[in-house]
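S.K.: I have a structure I would like to understand better, so I am pasting it below and will then ask my questions one at a time.
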């Protein structure tokens, strides 16, 4: 389990302390609840526009890009992602510090730790980009943001699973074992959903069959939900850690 990465009560004067379990849950709930609200709102109030595609065939679910591209869904989604993005960067650095300590004597894993940090930052940045540039505003920029998000997300999960596999071989901490098992399951589920979603997206564009885009949208939801669940495994990794807002000791102030 990760300890002492986000706070140092002996060194600093704490103003606010939050258990990391609450911090992790709140960080993931922001985009989760935002997405659910956007999906429900788009189907209730913008159903025809949200489910329309160039093929002009029957479709029953909006894609995520379509569901977050109109007001008020646009503002709900942007607010949730904006609030959750800063904690995501913080967690990426915390993981890197942990890996750097755990793999100090193992150069391959140490290099992979740096790559995980880059992927995590790029994944979050891609998510922010596709969020604040809607598909209806600038499609190419939105598309590239989505590609960066998906590619870096998959690579981040793959490398993370490998690093935790190495950790599991060396330690028998129950939380670390549970975290590794769920990370692996969620990664495999995410990859499967990505492949299925890509298949239905390609088939829809090629054959314009009724209901195929609905299947694409469903598996797109599964990709995003499993990605959120993967990040939620930090619940086990940082279980005893606290996020702390503190002031520096008097002798360190300038």
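Every residue gets a Cβ built from N, Cα and C, even glycine.
TrEMBL does not curate its annotations; it predicts them automatically.
Annotation comment: TrEMBL describes 20-239 as domain 'CWH43-like N-terminal'. Look at TrEMBL and you will find 20-45, 75-98, 110-134, 146-167, 179-201, 213-236 tagged as transmembrane segment.
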S.K.: Mean pLDDT for the domain 'CWH43-like N-terminal' (20-239), rounded to an integer?
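M.R.: It averages 91.
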S.K.: Which stretch from 20-45, 179-201, 213-236 shares the most C-beta pairs under 8 Å with the transmembrane segment (146-167)?
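M.R.: Top-ranked stretch among 20-45, 179-201, 213-236: 179-201.
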